[in-house]
Each structure stands twice: as C-alpha cells, then as structure tokens.
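Everything below concerns the one structure shown next.
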C-alpha cells in the first residue's frame, strides 16, 4: 500500500481563495504528520518552499488547488516524475479533480491512512520539426493563428499520407482529453484506460473529414502548407510556433491521479451525462 510521506502543495496564484485553501491544506497535512513542501509561487512562508519543477522530484505526491487547468499545468511541468496528483476543485467544472474544499479534512485523513487508489492516464509526446516539446495530457492542437482563415494540412499515420484537408485546424487527443476540446469539436468520449489517440478535425471544409481513433502506438504527423499561418497549442495552455512537422506519439510518461473510490463513469455521468 502506497502511503506518501512528503506532500507538495501548489495552486492558482492569481486566485486569493486558492492561496487561502493551500494554507489550510498545509496545516491539515502537517497535523497528519506529512512533511510539506510548498510551491514558492504561492508565497506561503511557514513551510519549506521549492519551485514547481523541482517539487516533482522531491515529493511523493502533489495536491493542486484550482481546477482542471491547474492539474494540466502541474502534470506538464512535472511530467517526467509521474508524481501522483490530488486535485482540489475551486472551479466550475473540475472533471479531473477529486475533492472539493469542504472535503479537505477527510481527504487528508485518508491520505494518511493510505485509503485511496491510483489511476493512471496515458500521455502523448510532441515533437515539432524533430525537436522534443514535452508531453500533453489532454491534447495537442494545430490551429490557424488567424481567426476565420483556414489552414491546409496533411495528416499521415506511420508515414502513410492519409488525407489533405482545409480546416481551422486538427487536434490529437488522449482518452483523458476526449472529454475536453475534442468533445466540443465532435470527437468521441473514450475511457482513459483505452490506449489510443483521437484525431479530430476542427471545422473541416469537407463532409468526409471525420474524427478517427487510432492506436496510441501509431505515429501521427501533421504538416501545414503555410506554417506561418498556424500555431501549436498543448493542453490549451502552451503556445508554440509551427517550425516543421508536428509528430505525436505515445509518451513514456503517465499521469497518476489519487482517487477515493469514485469511478470514471460516475464522474462522467455527474459532469456530462445528465440525460435522466
């Protein structure tokens, strides 16, 4: 049974409430006997401080205060360390988060007892023009940098040129990201334990361009005719210049989330499927 000893705490620095909740989390963890390290950007002075990148190699788990965006940022920065993440939701949605502010005391108590499960989510590795650009937990998007102006891209799978399409762009998502931008663009919902990539065109200019699900072991490549008219966006947060072919493959890293018994389908029904 995995029982963390050293807990890292981070959160949204632009939200005063998040800083206050982070302070409370630190106190709760301290009382339960955890060693606490705090993201130095939070400015909490009572506990040892460390930058987020270094936190990944110093702690046994990280508690994030915010929402899904906070989790995506932390997961990307600490990707190589695969540190388990417990998300505390202060936002409106929080599909990846596990607890609310009201459930903090019980959550920290369960952490101390080792009363939780670890849930693994696959990531994608991104290269642009042969240069390694890290991992995506949700998706990598190649999109027009000029609103209302389409781009022409070529999609290849394992070196085989599959199609050429005019569109606003195209994204390659993980199963985790299937409930994010890809879903809004008409892509399918895929359970995180399915090892696949979802290729979803964005407003394509032909009826036959449809979302596609391929093995995560495939190499997906995207070439844009006029790279200066497009950009690459990772997890909706990191913007990059398009300096060559975008190559997307399975990452050797995974994201690990702490769960207290909730299942994927329970969260899916609660957040998305309100058909009853």
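The chain as shown is numbered from 1 upward.
The backbone N, Cα and C atoms fix where each Cβ goes, glycine too.
Positions annotated as NAD(+) binding site by Swiss-Prot: 68, 69, 73, 138, 139, 149, 168, 179, 180, 181, 182, 183, 184, 237. Packing around residue 180 (NAD(+) binding site) is summarised by its Cβ count: 22 other Cβ atoms lie within 10 angstroms of its Cβ, all protein chains included.
Residue 68 (NAD(+) binding site) carries a helical DSSP state (H, G or I). Positions annotated as active site, proton acceptor by Swiss-Prot, on the basis of sequence analysis: 68.
Neighbour counts of Cβ atoms within 10 Å were compared for the binding-site residues 182, 184, and the top value is held by 182. Largest Cα to Cα distance within the recorded NAD(+) binders 68, 69, 73, 138, 139, 149, 168, 179, 180, 181, 182, 183, 184, 237: about 30 Å as a whole number. Proximity of residue 73 (NAD(+) binding site) to non-local residues of its own chain (separation of 6 or more, Cβ distance below 8 Å) is seen for 235, 237, given in sequence order.
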